[in-house]
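Per Swiss-Prot, these features apply:
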REGION    1-227  region 'Disordered'
COMPBIAS  29-39  compositional bias 'Basic residues'
COMPBIAS  47-65  compositional bias 'Basic and acidic residues'
COMPBIAS  73-85  compositional bias 'Basic residues'
COMPBIAS  148-161  compositional bias 'Basic and acidic residues'
COMPBIAS  197-207  compositional bias 'Acidic residues'
COMPBIAS  208-227  compositional bias 'Basic and acidic residues'
BINDING   Gly298, Pro299, Asn300, Gly301, Lys302, Gly303, Lys304, Thr305  ATP 1 binding site
REGION    521-564  region 'Disordered'
COMPBIAS  521-542  compositional bias 'Basic and acidic residues'
DOMAIN    587-802  domain 'ABC transporter 2'
BINDING   Gly620, Pro621, Asn622, Gly623, Val624, Gly625, Lys626, Ser627  ATP 2 binding site
Amino acid sequence: MPKGPKQQPPEPEWIGDGESTSPTDKVVKKGKKDKKTKKTFFEELAVEDRQAGEEEKVLKEKEQQQQHQQQQQKKKRDTRKGRRKKDVDDDDGEEKELMERLKKLSVPASDEEEEAPAPVPRGGKKNKGGNVFAALIQDQSEEEEEEEKHPPKPAKPEKNRINKAVSQEQQPGPKGRKGKEEKSKGKAKPQNKFAALDDEEEQDEEEIKEKEPPKQGKEKAKKAEQMEYERQVASLKAANAAENDFSVSQAEMSSRQAMLENASDIKLEKFSISAHGKELFVNADLYIVAGRRYGLVGPNGKGKTTLLKHIANRALSIPPNIDVLLCEQEVVADETPAVQAVLRADTKRLKLLEEERRLQGQLEQGDDTAADRLEKVYEELRATGAAAAEAKARRILAGLGFDPEMQNRPTQKFSGGWRMRVSLARALFMEPTLLMLDEPTNHLDLNAVIWLNNYLQGWRKTLLIVSHDQGFLDDVCTDIIHLDAQRLHYYRGNYMTFKKMYQQKQKELLKQYEKQEKKLKELKAGGKSTKQAEKQTKEALTRKQQKCRRKNQDEESQEAPELLKRPKEYTVRFTFPDPPPLSPPVLGLHGVTFGYEGQKPLFKNLDFGIDMDSRICIVGPNGVGKSTLLLLLTGKLTPTRGEMRKNHRLKIGFFNQQYAEQLRMEETPTEYLQRGFNLPYQDARKCLGRFGLESHAHTIQICKLSGGQKARVVFAELACREPDVLILDEPTNNLDIESIDALGEAINEYKGAVIVVSHDARLITETNCQLWVVEEQSVSQIDGDFDDYKREVLEALGEVMVSRPRE
């Protein structure tokens, strides 16, 4: 007779009891003492029936123990049942095909087949029938039932554990235990999915047999194993059906989406942003905690505004429950009054008011069913503070410089700067979850900045501000985000705290760099080549950096370690040449009256003068004539009555808000200075460099420069004029913080007179300027310091000055 059975349909390999020359026969005979006589196919079926009866009793007891556990798992199965329904239908088709193939083989056994070894019954199966077809039908029903209870496990990762469980279940009783365990060693992995499912069912039943319910420790292990069992579903599903890839990925996305929908903070890791081929952010991380007020700082042109726009446009993964607003565009110019433009920003309030009017009309027509809904509408209106909405809108507009008449003026009658104020008022009125302000003080006068500063200190929601006003950042912000080297770095505290920490960090980096250079010199002096010395130093640096990362719990950089470079400090230095001494009177207005045609006079009988050591800051609300006063002093406006007097040798350097108008846009900055002052090429470039204009911008047409770069060209021009008096009208617009610091230092070092109009509180205080306020058609000096003036401004608006402790 043949040494092996005839070819069967794909089934798990099994070891028969017949004669065989394979090495596994020795293993089987070693553990089976009952294989002394050979049994026919039908005799073995009878033995199987008896074994099935015994197993059935044991399984009934097991089923009672499993019933409680199955009830707990029922809810989980129900949720997964719908998702697996399609897979089960596909599996049923495969099972039917397998059954058809098995039935074709179920013919009366031939002489050779009678001597062929019969398959060993699978452990844990209930063979109720008295023949092979009954056993197969029973197996099929159990497979279908088990597949509904548990999705199939992947066969490959669990190969060893499944084979062990199957070998232990093949025959009951301790008699053949050793032989069964050794038989499993020679057993191949299942050849199809149904065999794998059978093996997993046997494994589950064996685990239930070994882990009794009273043993709580084993119960916990069982639950943990079942959780792992469920996590492995995805891998098997992906291997069997392409559509399962979509469902699994969708489930994962749904889980992430659910987390986002409940998030109150923003956490974005490893994002990159490029603009016009230039990388602005590379593997940067953004963390914004709800309720904190962040200041985003860094040099101009590095991507601060770009980041705000990406957040506002939701180009980054912002949680959908966080409403984001970036105040960047002026309000539409139309017939809408300013106060109504602010009120209409709250669309929820408008919808509730519209519904209230509709329900009131239904009640008047006798429809009593609207009463309940109307009461709920009233509750929502009360909760949103609808009754106080107009008062709130007018308070915000007043703080930003709108008097009662201006609040009712149509927006089309305002200039662009005032429409920007209306837009800012709308943003403050709406109170979004995350409010982003990009240079909010640029279009404001000093009084409006004082009010906004005070108002935002009480802001309870999340705030992200880009500003060049250090005093504003110091008062408002609780955290600073520093954009440096295409990454975002976080510092707790206001700008002053950040500045101290950053300077200390730079000092430490400089010490490390100097230590590294010293080590390189020592290695070279000891006979090492430059390449060897750098390699050895780099290895030592790598170890030290890794130690620092572990200490600070920082993520390890993906970049290859490099030698330290000298820390580059972004420094800007403004310098104005000192003027020669001039005898007084230097510059003054005497009995001046002035007003624009068709308007009320701004000044009447004004007397105002300066000396060479004067440091004066002109303050006052918008529209009172601050810029007009500067134009009268420079001689660009002629008084209606009175006169302007000045020293005949006096040279005035004037920086106007509309400085771009004095530049020739078709020229390069170098050409502009060369033509105006007959300077050599290199001298012109040196002058531009002293005011922080990058070297590559020296030869670009002025029309292609940014606002900040154009401002530096104007400052360079002022220095070339060698003025005796500097008259500056809002000089900090478009300058970054470092440049404003440099301007303040230059003013302090300058020996001539300075008159400035500025909304930057820090520039005013650090230059020790005397405050002169324009009011009631005159100019007068203020008694007290800048804090006294702030208090006076807020009290006039009915506000209370906030004094926040420094963090």
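Cβ coordinates are placed from backbone N, Cα and C, and glycine is handled just like the others.
Since the structure is predicted, the reported quantities are computational estimates derived from the model, not experimental observations.
Here the features listed in Swiss-Prot are placed on the structure.
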residue	record	Cβ contacts under 8 Å, 6 or more apart
Gly298	ATP 1 binding site	Lys304, His482, Leu483, Asp484
Asn300	ATP 1 binding site	Ser706, Gly708, Asn734, Asp736
Gly303	ATP 1 binding site	Ile273, Ala275, Leu280, Phe281, Leu483
Thr305	ATP 1 binding site	Asp438, Val466
Gly620	ATP 2 binding site	Asp445, Leu446, Asn447, Lys626, Val773, Val774, Glu775
Pro621	ATP 2 binding site	Gly401, Asp445, Asn447, Ala448
Val624	ATP 2 binding site	Leu602, Val774, Glu775
Gly625	ATP 2 binding site	Leu602, Phe603, Val774
Ser627	ATP 2 binding site	Gln657, Asp729, Val757
Exercise for the section: Could you tell me which three-state DSSP class Lys626 (ATP 2 binding site) falls into? Expected result: helix
Handout entry: Protein Cβ atoms within 10 Å of Gly301 (ATP 1 binding site), excluding its own
Key = 15
Exercise for the section: Please report how many Å separate the Cα atom of Pro299 (ATP 1 binding site) from that of Asn622 (ATP 2 binding site), as a whole number. Expected result: 29
Exercise for the section: Name, in the order they occur in the sequence, the residues of the same chain whose CB lies under 8 A from the CB of Asn622 (ATP 2 binding site) and which sit 6 or more residues away. Expected result: Gly401, Asp445, Asn447, Ala448
Completion exercise
Across the compositional bias 'Basic and acidic residues' (521-542), DSSP labelling yields 18 helix, 0 strand, 4 coil
Exercise for the section: Measure from the Cβ of Gly623 (ATP 2 binding site) and count the other Cβ atoms within 10 Å, all protein chains considered. Expected result: 15
Fill in the blank from the handout: Taking the centre of the Cβ atoms of Gly298, Pro299, Asn300, Gly301, Lys302, Gly303, Lys304, Thr305 as the ATP 1 site, the remaining residues of that chain with Cβ inside 8 Å are Leu483
Exercise for the section: Would you find the one among the binding-site residues Lys302, Lys304, Lys626 whose Cβ has the most company, meaning other Cβ atoms within 10 Å? Expected result: Lys626
Handout entry: Rounded Cα-Cα span from Gly623 (ATP 2 binding site) to Gly301 (ATP 1 binding site), Å
Key = 32
Completion exercise
Rounded mean pLDDT within the domain 'ABC transporter 2' (587-802) lands at 92
Exercise for the section: For Pro299 (ATP 1 binding site), just give me the three-state DSSP call. Expected result: coil
Exercise for the section: Could you round the CA separation between Gly623 (ATP 2 binding site) and Lys302 (ATP 1 binding site) to a whole angstrom and send it over? Expected result: 35
Handout entry: Pro299 (ATP 1 binding site), number of other Cβ atoms within 10 Å
Key = 17
Problem - Cβ-centroid neighbours of ATP 2 site Gly620, Pro621, Asn622, Gly623, Val624, Gly625, Lys626, Ser627, 8 Å, sequence order - result: Asp445, Thr628, Val774
Exercise for the section: Give the helix, strand or coil assignment DSSP yields for Lys304 (ATP 1 binding site). Expected result: helix
